[in-house]
Structure formats: structure tokens, C-alpha cells
Amino acid sequence: MDERPETELISIPATPRGVSTPEIQTPSGQRSPRPPSKEAKSSTAWTPTSFISPRFLSPIGTPMKRVLVNMKGYLEEVGHLTKLNPQDAWLPITESRNGNAHYAAFHNLNAGVGFQALVLPVAFSFLGWSWGTLSLTIAYFWQLYTLWILVQLHEAVPGKRYNRYVELAQAAFGERLGVWLALFPTVYLSAGTATALILIGGETMKLFFQIVCGPLCSSNPLTTVEWYLVFTSLCIVLSQLPNLNSIAGLSLVGAVTAITYSTMVWVLSVSQPRPPTISYEPISLPSSSASVFAVLNALGIVAFAFRGHNLVLEIQATMPSTFKHPAHVPMWRGAKVAYFFIAMCLFPVAIGGFWAYGNLMPSGGILNALYGFHSHDIPRGLLAMCFLLVVFNCLSSFQIYSMPVFDSFEAGYTSRTNRPCSIWVRSGFRVFYGFINFFIGVALPFLSSLAGLLGGLTLPVTFAYPCFMWVLIKKPTKYSFNWYFHWILGWLGIAFSLAFSIGGVWSMVNSGLKLKFFKPPN
């Protein structure tokens, strides 16, 4: 089945003799553009300009022919036909366009829930019941609205698809300003999350080995850094899958494992007896300024729980889109299903974890608390399975968060060479990226403790930029409710980003509120 809609036109620039053209086979075995099959030729779908053909125009006089040709150009201009960049067929995000609502649900769920959910009870220990629940609820519906904005803006301009977050930012803010505003937070979020996943996955593999092996462990077990290397090697092997659609199965595994271990963690925590000295009062710090910054850091943790908007446009770019069947319909259908399950993971973990441990919640989150308080009360096999599910989820999440970086590497290569990446070049990029993240993680092992700071720095990508993009691209009536609403929402997001970032830095430096994921307390 042809992955590119028949109503899409690909304008291939003329190239000098000897220079490769887009009709070269891509590393995954596809061709760009793919020639129509015999069946497609025999049963071509009707388009608004399909009747305007040379055979139809030949018996018609010149004035009528000019009118029909102009009408064809108008239909193309208003978006009945989408003109694509031929380079897109060589890049991992847009190489395959056979996605659907199921793939969208898998990818969004894999990107939207993960290790960051496990530290939400830490935020509640500083915010308390009321403010914790209120902030989590507001953040959930706020990011769900900005997700809808991004889905709608994917084809906001007729005849143009914004396949990447940076492309949409350039369309809204300008070529240079868009790159400056969007490139750093999206790359920081992708690469920072990938590095944190290596640290968390390696530490979790080490704990899984200790739980399974128990007292029978050898006298010379692997060190933590060696476990990081093992996890990185597994990530690199899985990263050889060519494009975003090809990792749909991995995203399904990541989604299922995230839902499973999130449910297991809060159910096991609630089912065990609570510590006798538990309290639900927010943790009080020596000074009022310390308390304020701790609250800001906690709100940054809540904001970081809703990462993944930097992948929305990329996921939607894997779907075919025509005037009759636009891509935003299946994308939004899949996203709604995904975020229903995300809510079913985040809210029970946050509320159930805080109910089970209160202000005794260790800085590592609910899995840390479960291991520290109830490791002797829970069957070893059940606890080991929970840790193994976390490892599988980290492996799957690494793939989808790294795909935009792989896409950037290959875009630079193809733009310079005018040919797709070979299998060896593509593999080399991914091996290089995996080991760069490994070395950064070893050199800066505290990256996994930056949940509050990561949430503050990357908050504009989720909560602020989409609101500004809506105003600048859709251009609602000036001084209308729609205009005021999006400007206020966007600037609130920028203000929260600055405040949460300051709170994250201050809390780590002065208050020692470093989040050591999955490290058992003494």
C-alpha cells in the first residue's frame, strides 16, 4: 500500500547529471517518491483537480483552458494538494507515513508516562493534599489543551505540514527566533531525558539483579557504571530500527509496562501498613525562603510529569493526510486515548503514594519508598518484576525520545550530500549518540535528580509556546477573548518556567533536595 497520499505532490528540483536524485532507495528499503502501482493507476482516487488533465483541456479553447488551469493552481494553493519536501522521505520521522490512531496512542502513551510519574509523591510532600491535587489537575488539563493546539496547527497553513516542533516555531516566531526559542528546550528535553533514562535504567537493572540473585550474588558484581554501559548497549541495539513508525511495537511495550508498573507500585504501597510516624502536613523547612523555593521545585516536578509535547508534531507527521482525511483526526483520537491512560497512571501514583508514605516519602520517589519500607513484606518475585518493567519502559522511552535527534543528524547529512544515509552512516550516528549520552551520564550522574529543573526549563515547550503559536498563526481577532486567553496563558507559562527553574536550582544547591531515583535509603 502506498504510504504517501495520492493527492500529495512532490516537486523534485532538477539536479545536474551525476548527482543523485530522490528516487534512491532509502535505508529501510523504501523509495522516494515511490512510483504508483498498477492497481493505483487503474483505480486512481478522485481529487478536486483530477479532471483538469491535458486530455480534457485539449478540445477546449484557450480562454477556458486558462480559467481551468488557474482554478487548479488555486486549489493547490488553498490546500487541496500538499506539496512535500522530497528530503522528508529520507529522514526517520517522515520516511514512513502509514501511521494511524493506534500508533498515535502507543507513541503518546510511551512518551507521556514513565519514570517522572514515580516522583510525583515527592511534590505532594511539599505541597500537601489540596495544593498538590489542584496543581496536578490544572497542569493536566492545561497540557491537554496545548496538545490539541499542536495537533490543529500541524496543517494550519494550507498545503503545508509542520512535521517538527522547530518547523512550527519558525513559522510562528520567524526563521531565526524560532530556532533560538525552540531548539534548545526540545534538544535539551530529548537528550536530557535520554541521559536520565540511561542512569535510571542502569541503576534499576543493578537493583533487579540484587533482588533476583539475593545472597547468592557473586563477590564481584558489576559496578553501577558497568550497568549503565549494559543498558546503553541495549538501547543502541534497539535504536537500529529505521524510523518512527518502525518503533510502534516498542512504544506499545513501553506503554503497557508503564501502565503495569505504575499500577503495581501504588497498589502495593496502599496495601501495606503505613509507617507509624506518618504525617500529611507539608514538609516545613528552617526559613520561609527555603519553603518557597521548595514549593517552586515541587511545582517543577509536577510540570516535568507532562513532558512529551516536543514529539506531538513528529508523531502526527507519520500519518497520511489528504483534504478528505486530514491527519489531525486520527492523531487526536489516539492522543485522547493515550492521555486517558496517562491520567489513570499519574493521579493514583501521586495520591496513593502520598497517602501511603506522607512526608516520609524519600527523595527518590514511590519506588524508592516501596523498596525501603516494604522490601521484606513483599514477595521478592513481585518486587523484581516491578523493577524489570521499569527497565523495559526505559528502553522503549529512550527510542522515541532519541528519534528527533537521529532525525536532526540525518537531516544535516542529507542536506549536504543530497542522498539518504546508508545503513552504516545511520548506525554510526546512533552509536555515537548513545555513547555520548552514556559519557555525559557518567560525568554528571546527578542529571537524574534534575526533575524540578528539567520541568522548569522545558515548561515553555508544553505550556507556553503552543499558545503563542496559536495567536501568531491563526491570528484571532485582536483584543477578543480568544486573543487575550492565549496571550495570558502563554505568558503565565513563561513566568512559571522562570520561577520553577530558580526553585529547582536553589533547592538542589542550598536545600539538598536532590532526587536520587531508585537508590534505596539507608
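Easy rule for this one: first residue shown is 1, then count along the chain.
Glycine is treated like the rest: Cβ placed from N, Cα and C.
Quick look at what TrEMBL annotates:
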REGION    1-46  region 'Disordered'
COMPBIAS  22-31  compositional bias 'Polar residues'
DOMAIN    98-509  domain 'Amino acid transporter transmembrane'
TRANSMEM  113-132  transmembrane segment
TRANSMEM  138-157  transmembrane segment
TRANSMEM  177-200  transmembrane segment
TRANSMEM  248-268  transmembrane segment
TRANSMEM  288-306  transmembrane segment
TRANSMEM  337-358  transmembrane segment
TRANSMEM  378-402  transmembrane segment
TRANSMEM  423-444  transmembrane segment
TRANSMEM  450-472  transmembrane segment
TRANSMEM  484-509  transmembrane segment
Practice problem: Return yes if the transmembrane segment (288-306) and the transmembrane segment (113-132) have at least 3 CB pairs under 8 Å (sequence gap of 6 or more), otherwise no. | Solution: yes
Self-check item: Criterion met for the transmembrane segment (138-157) and the transmembrane segment (450-472) (at least three Cβ pairs under 8 Å)
Solution: yes
Quiz prompt | the transmembrane segment (113-132) versus listed stretches 177-200, 248-268, 450-472: most Cβ pairs under 8 Å | solution = 248-268
Practice problem: Sort out the residues at least 6 away from either end of the transmembrane segment (450-472), same chain, that have Cβ-Cβ distances under 8 Å to it, and list them. | Solution: 116, 119, 139, 142-143, 146-147, 149-150, 153, 165, 168-169, 171-173, 181-182, 185-186, 188-189, 192-193, 196, 296-310, 483, 486-487, 489-494, 496-505, 507-508, 513, 515
Self-check item: Contacting positions for the transmembrane segment (337-358) when only residues 6+ beyond its ends and CB under 8 Å are counted
Solution: 101, 104-109, 112-113, 117-118, 120-121, 123-125, 129, 132-133, 136, 140, 144, 147, 255, 258-259, 262-263, 265-267, 269-270, 272, 274-275, 278-280, 305, 365-366, 369, 373
Quiz prompt | Long-range environment of the transmembrane segment (484-509) - Cβ separation under 8 angstroms, sequence gap at least 6 | solution = 142, 292-300, 303, 446, 449-457, 459-460, 462-465, 467-468, 470-471, 476
